[in-house]
Structure formats: C-alpha cells, structure tokens
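J.: Before I ask anything, let me first share the structure, which is written out below as structure tokens.
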Amino acid sequence: MDGVSGAVTWETRELHTAQPFGIARWTHSVYPRTFVTLDAGGVRGQGESAPNAFYGETGATVQAVLPLLAGALEDPWDWDGLRARLDARMPQGHPSVKCALEMAALDWCARSAGLPVWRLLGLSPGALPESSYTVSIAALPEMRRQAREAAARGHGVLKVKLGTAQDEQIVAALREEAPEAALRVDANAAWSRPQARRMLGVLEAAGVEFVEQPLAAGDLEGHAALRGVSAVPIVADESLHHVSDIVALAGAFDGVNLKLAKLGGPLRALEALRLARAHGLGVMMGCMIESSLGIAAAAHLAGLCDWADLDGALLLADDPYRGLEWTAGHLARPQGAGWGVEAG
Ligand SMILES: [Mg+2]
C-alpha cells in the first residue's frame, strides 16, 4: 500500500506491455499505474490513474498529489461536490488522479446499488462499437507481423501509429497485410503541415477511415485548413485536454478522441461527449495503456460513441483485472455491478 487517506487507499504497480509500445514521441514497455480504492460500509469502489507525460503527469506527480486529493472523496454519492473539491484543491492538471477518484466513487455507488455504472447513469443498453487494435511503431517487418496476426485473430479495425520517416510504406504494407480491415491512422501530432498534405492522398488511396491528430496540438488553424481539403475525417486527440476545448475544436476537426484519464474522469468525459455531439463532432472513446479497470470504465460510455479504441489492456502482459469479455475487437458491454471487473 502506498498511501491512505480516510477510507481511500492507493497502490502503484508497474504494468508491462507484451511488446514495446511505440508512438511518434516515445517507446515504452513499463507503465506505472495507481489503483485507488474507496472502502466504506462493506463496499469497495476502485479507480485507476493512468498518467501520461503529454498531459503533464508522471508516476511521481500521481504519488505527490494523491495525498492532497484523496480527501475530496468524502461522500461518494456527491459527484458534483467531489468535482468541486478536487478543483478547489488542484484547479489545474492531474486529470488521471481526478479520474481515479471519480471512478472509485462511481464504482462504489453502483456496487452499493447492485448495478453496472452505465445503468446507474441511465445510459441505454446495446452493443459497443468494435474497438480498433493498435499497431505501434516498430521496424516495418514487425509492424507487418502485428497487423497480420491481429487480422488473423479476427480484429476488423486496425489503428496504425505513424510519424516516422516511412509512413507511406507503412500504410501500404498494412493495407497489404490486412486488406479486409478498417484502417485508422494516428500521427500523434508528429506531422508538419506539408507532410500532412502529402499524406492525405496516401490515406485516401488506402481507404483510411480517419486520421487522428496529424498536426501539433496547438495548431488549430493548420487542422482547419487540412480539414478543408481532406476527404479523410480528422479527429483530435492531443488537441483535446479539457471539456472546455471542445467548442474551439469543432471548427478544426471532424471528431474527438475522449480519454477518461486526460479529461479527469468518466463524468467529465460524458460531459465532453455531449458537448461534442452538440457541436456536430464525431466521437471516439479512447484509452491509455491501462488495465481492464480503466478500460471497463471507458467501455461503460463507449455505447454513446461512433468509434472505440479500447485495446489498452489487450496490449498488457500483466493485466491485474479480469472480467471484460473480448471477442477479437468486440467488447461485450460489462454487466456486473460497478465497473464489472475484479482484481486477480
Ligand atoms: Mg491518439
């Protein structure tokens, strides 16, 4: 146990991907994740903090702020109060810690009520959109292998990470390895404006479904111009940090990638989702590399989305939670109480 504050405890574990996971900015195999537990009245609610350096967090910042923020979780039924107390203590940043605490509150409430969280939130039942499976940046033969094996396992949607010196060859190679799969592309903010223009033709020719974050996070003008000439929809990820970013993004993108850990929790993601819809944006439910606990929380909202990218736990060698039912990229809507997953 790393820490305790009243009825809230937390523990950090290093999770490992089965293969090194590479994107334009970095390649990692080890991911520190902090699991928060609210234990009160014989009911346990859990949440996960999946910090990402791009959003200003690391394992160390999570450790530093949890003792300051955990006390905000005093009444798990008071969701607005929790948010207000978190923002009063730490107005800026630390979204994955706020997410973990909000997740623990919702899990605790839903378990107390004997319901899945999506039921507690009054969301409609129904199938979730098929999740993409990510082919991360590696040597080209390795990327080919990842795509071929994923397609053979039945994954119908592949998302390929780009932002290398050989992006055109990668797209062509993956199209070849998985001719039937829907192909999505994520440049992780790595392209220049001219590069992105050049790549649009390549993506269109390969029948790519959409491209995520082609340009730098702050370059809304560049994205708006790109969108004006692109037949391939453009989806914001790194450009979206806060719910309040959504309105400005609506003029520059066709859709947004929502991740609980960057937006500050499931309820904030739900708010972002509804705002995005009101502004005519397509919506993807995304994830970090995180355990089945974090993925489950995203899955509870994914039925409201056009697209899902929830493979974070599928890439792990040591997922500490179980309970999600996957058939290749098809994730069954969780039916158990709370988030519907258990440790072990
Ligand atoms: Mg992305």
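Each position is counted from 1, following the chain as shown.
Backbone N, Cα and C atoms are what each Cβ position is placed from, and that goes for glycine too.
Curation plays no part in TrEMBL annotations; they are all automatic predictions.
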J.: Of the candidates Asp186, Asp245, Asp254, which does TrEMBL annotate as part of the Mg(2+) site that also includes Glu212, Asp237?
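T.: So, going by the record in TrEMBL, that would be Asp186.
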J.: Specify the secondary structure state of Lys161 (active site, proton acceptor) as given by DSSP, simplified to three classes.
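T.: Reduced to three states, the DSSP call for Lys161 (active site, proton acceptor) is strand.
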J.: Could you check the active-site residues Lys161, Lys259 and say which one's CB has the most other CB atoms within 10 Å?
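T.: Going through Lys161, Lys259 one by one, the largest Cβ count within 10 Å is at Lys259.
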J.: If you measure Asp186 (Mg(2+) binding site) to Lys259 (active site, proton acceptor) at Cα, how many Å is it?
T.: 15
J.: What other residues of the same chain, not counting Asp186, Glu212, Asp237, have a CB atom within 8 A of the CB centroid of the Mg(2+) site?
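T.: Residues close to the Mg(2+) site, other than Asp186, Glu212, Asp237: Lys159, Val185, Ala187, Asn188, Val211, Gln213, Val235, Glu238, Asn257, Gly286.
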